[in-house]
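Undergrad: So TrEMBL lists the following for this protein:
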| type | residues | note |
| --- | --- | --- |
| DOMAIN | 2-116 | domain 'PLAT' |
| BINDING | Gly17, Asp74, Ala75 | Ca(2+) binding site |
| SITE | Trp101 | site 'Essential for stabilizing binding to COTL1' |
| DOMAIN | 116-664 | domain 'Lipoxygenase' |
| BINDING | His362, His367, His542, Ile664 | Fe cation binding site |
Amino acid sequence: MGRYRVRVATGSFAFSGSTNQVQLWLVGQRAEAELGMQLRPTRGQMEDFEVDVSEDLGPLLFVKLQKIHLFLKDAWFCNHITVWTFEKSMEKEIVFPCYRWVQGDGIICLPEATAWTMGKDVQGLFQKHREEELEERRRLYRWATWKKGILLSVDAKSEKDLPLDVRFHENKKIDFEGTLIAGMTEIALKRTYTLLSSWSSLEDFDQIFWCSKNTLAKKVRQSWKDDDFFGYQFLNGVNPTVLRRSTSLPTRLVIPPGAEEIQIQLEKKLQEGCLFEADFSLLDGIQPNVIQGERQYLAAPLVMFKMEHDGKLLPMAIQLQPPCSSSPVPPLFLPSDPSLTWLLAKAWVKNSDFQLHELQAHLLKTHLVAEVFAVATMRCLSGMHPIFKLLIPHLRYTLEINTRARTKLISDGGIFDQVVNTGGGGHLEVLRRATACLTYRSLCPPDDLADRGLLGIPSALYVHDALRLWDIISRYVQGIVHLHYSEDKVVQNDPELQNWCREITEIGLHGAQARGFPVSFQSRADLCYFLTMCIFTCTVQHSGINQGQLDWYAWVPNAPCTMRQPPPTTKDVTLEMVMATLPNIQQACLQMTISWHLGRFQPDMVPLGQHKEEYFSGPGPKAVLSFFQEELNTLEKEIVARNKNLDLPYEYLQPSRIENSITI
């Protein structure tokens, strides 16, 4: 008995309204009532109405809705439904979040927004709903093996096979597909404009370098030959994940006869604690690609660096291939070598860095790992679960962008096969090797950066910003977890949560417990650390790895996608050798286009922590989210102020530039 005010909110993006009618029911603990109103939801609108109900419904648990069509079946995107009750002159607001597409003629049940674990639902009010929801989700979101030895993926041969709820919205789809067409058109224009059949000098690359509005890309063009600029990229460039402080001279570093002086210098820097290395041995033995009938070439370099007192990281020596008992000792390339010799050696390093960046740091350790989180979340956590509510904004669009990558980027005949020297199957072997050595610690910056000896370096801006953001996300996660888990035992006794953990580690990650991933959570601290890693991976880490592609890869000689001649085995290098080794015109144009497409700012980008969906109800979660946003805003101001005093600002981990999920 009583009067209710109901508000129905429809999504604001293209096609989210519907011409179909919508029927609503209110479901309480004691009874349910069909509301005699039939709505035609309009895009971007909130529709309000009041109803009198004769039955005593008791506390409201659900809103049920059904979309009724006459001729045309068009989907409707419902944001949420809000109901106000009036008892004893007091108004109470109850929110029923939806944030998904309503399709077909079936009845959909929306529970109220309070987060419930199974342990909290002692009366079993929501047990049947949870079971039915998860049964349906497990039918929709199935695991699949895309390639043996690589993390499991969602079962979808193309993006059209994905459930509509995880597909791109129309504006995102139009932008994504439109920019691909624009990119291919630009390649054709560049080929026509240059009228070149081959390169003859490094300056020829200027003819396709159309980045006049990109300040950092222009800086790369001007400074890419400089040793300090080369070193800077390993600290703060597009791939800050390879560098580590040396604790001993690498065993693969064999000093050739006559180069004893460099060994003395290396040992001196080692003793001073300022010797660093970047080792690309993961690429050793990978079969290089064949592009349009022409064999490409790969190296597996080792670079030794020294850290100067002013924070500059300078290369000391480059070994392009590991030593082999059946071959002569590989040469050690030095800054004192002829300029073209040293330049070509550095180009080989950057080509190898390109491979590990795109395949290991970017694809595996953000995209594919996040996909495992997404599929496990949809299969194991009901929509009422607090951890589902916490994570779901950070999984937006990830399944579709990954599915598109498997059909266009790393597929047979895809971009990697067309233009990258690990393509043609080598990229899959790199992914398998990288998967086999993927550890839990490597995904957690406090552990990873400590393991790599990178803490406390003032010029390591990525390190500084990543750790600050980890701490901010950790406090946000702790706030939400502590609201819903009063003690460790509550965590231990949550079956949905424990199933989610096992599904990630034992299924999605191929039994990764031997590499440190948990198979259960024994405490709130365990859970918080894991959730912080999940959100950090889907937001901060992807931003730091993805955003810089246009900046650092647009000037192709700085990070060539392929190499067309074998690595030099002597120090007699000519300009003709350099030009014959770097990517040809077609390859360079495609590298620039894809770098622009993947690294550009996304028009519908949602910044970290700024999601508009309200999955939680009550003042507690809202206060936690508000404090999270305040901390991000404070860090934003600090980074902006710092960058004003830098010749080369580091902006990739500026909170306003970090996307809330992996969408590109």
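Indices start at 1 and increase along the chain as displayed.
Placement of Cβ uses the backbone N, Cα and C atoms for every residue, glycine included.
All annotation found in TrEMBL is predicted automatically rather than curated by experts.
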Undergrad: Fewest other Cβ atoms within 10 Å: which of the binding-site residues Ala75, Ile664 wins that one? Let me know.
TA: Ala75
Undergrad: Calculate the distance in Å between the alpha carbons (Cα) of Gly17 (Ca(2+) binding site) and Trp101 (site 'Essential for stabilizing binding to COTL1'), and round it to a whole number.
TA: 10
Undergrad: Compile a sequence-ordered list of residues in the same chain as His362 (Fe cation binding site), six or more apart from it, whose Cβ lies below 8 A from its Cβ; state 'none' when nothing qualifies.
TA: His542, Ile545, Asn546
Undergrad: Relative to the Cα of Trp101 (site 'Essential for stabilizing binding to COTL1'), which of the binding-site residues Asp74, Ala75, His367, Ile664 has the closest Cα?
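TA: For Trp101 (site 'Essential for stabilizing binding to COTL1'), the closest Cα among Asp74, Ala75, His367, Ile664 is found at Ala75.
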Undergrad: Give, as a single whole number between 0 and 100, the mean pLDDT over the domain 'Lipoxygenase' (116-664).
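TA: Computed over the domain 'Lipoxygenase' (116-664), the mean pLDDT is 95 on the 0 to 100 scale.
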Undergrad: State the Cα to Cα distance, in Å, between Ile664 (Fe cation binding site) and Ala75 (Ca(2+) binding site), rounded to an integer.
TA: 25
Undergrad: Around the Ca(2+) site recorded as Gly17, Asp74, Ala75, what other same-chain residues have a C-beta within 8 angstroms of the site's C-beta center?
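TA: So the extra residues in range turn out to be Phe15, Ser16, Ser18, Thr19, Asn20, Pro41, Trp76, Phe77.
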Undergrad: Is it possible to list how many residues within the domain 'PLAT' (2-116) are helical, extended or coil according to DSSP?
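TA: Grouping H, G, I as helix and E, B as strand yields 0 helix, 72 strand, 43 coil.
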Undergrad: What is the separation, in Å, between the Cα atoms of Asp74 (Ca(2+) binding site) and His367 (Fe cation binding site)?
TA: 32
Undergrad: Mind telling me which of the binding-site residues Asp74, His367 has the densest Cβ neighbourhood, counting other Cβ atoms within 10 Å?
TA: His367
Undergrad: If you draw a 10 Å sphere around the Cβ of Gly17 (Ca(2+) binding site), how many other Cβ atoms fall inside it, taking every protein chain shown into account?
TA: 19
Undergrad: Residues near the Fe cation site, His362, His367, His542, Ile664 excluded, by Cβ within 8 Å of the Cβ center?
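TA: Close Cβ neighbours, site residues excluded: Leu363, Thr366, Ile401, Ile545, Asn546, Leu598, Ile662.
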Undergrad: To the nearest whole angstrom, what is the C-alpha distance linking His367 (Fe cation binding site) and Ala75 (Ca(2+) binding site)?
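TA: On Cα coordinates alone, these residues lie 29 Å apart.
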